[in-house]
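Taking it in order: structure first as structure tokens, then the write-up.
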Amino acid sequence: MIHQSHAYHMVKPSPWPLTGALSALLMTSGLAMWFHFHSTTLLMLGLLTNMLTMYQWWRDVMRESTYQGHHTLPVQKGLRYGMILFITSEVFFFAGFFWAFYHSSLAPTPQLGAHWPPTGITPLNPLEVPLLNTSVLLASGVSITWAHHSLMENNRNQMIQALLITILLGLYFTLLQASEYFEAPFTISDGIYGSTFFVATGFHGLHVIIGSTFLTICLIRQLMFHFTSKHHFGFEAAAWYWHFVDVVWLFLYVSIYWWGS
């Protein structure tokens, strides 16, 4: 790995934030087109653009950090601030969903039967699949911490093992969540309960998929000897993101599954 000890910002401007924003616009517009006009063309274009952006952005980060040595201290500091601000924006994103849920559940209107859950809604049992999902995510939080400590101690094999376990637990969580959606006795169209439940848990599920992808890239990089005990911010950012996903799920479980049922 090339290392430069001077304090200069070496990374050149990147086009990928712009293409990433455009792909997000295409995906959200495509989702609306799919819902209202049953056309998936724009959505597929958005997904393709997003995947190409992800691939090329990660490729450039690997080249700049590992092969060119451009991740000097100011660059690493900028990346840390960027990740912190990104996670902060995600906190506010989920705050909106919790606000919608509590606004509706703390003072249910007469149209909902003046109680929560609304009349006609059979909520999911919080002690069944949701509790298993909670256990799976908490276990993944332990394994990602194990991976981080192994990397700090230059224990390559244990780091790979722990990271693989985390990814598999993330995949298992996603499959459990999908099976829960298929078996749920209500849909996203069933009033405010259905919409807040599926939007909040669905967006969390999307974040689990994104986090699993992030960790998979880290696993590939670790297999290629890209990380050292002193230079591994890519993995650190993924670990921060994964812990954020864990914490959000705990709030979702307590609020929507346990208290809300």
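The backbone N, Cα and C atoms fix where each Cβ goes, and this holds for glycine too.
Going by Swiss-Prot topology annotations, HIS36 is found on the same membrane side as THR119. The topological domain 'Mitochondrial matrix' (1-15) scores a mean pLDDT of 69 in the predicted structure.
Look at the topological domain 'Mitochondrial intermembrane' (184-190): DSSP puts its residues at 0 helix, 0 strand, 7 coil. Ranked by Cβ pairs under 8 Å to the transmembrane segment (233-256), the stretches 73-105, 129-152, 156-183, 191-223 are led by 191-223.
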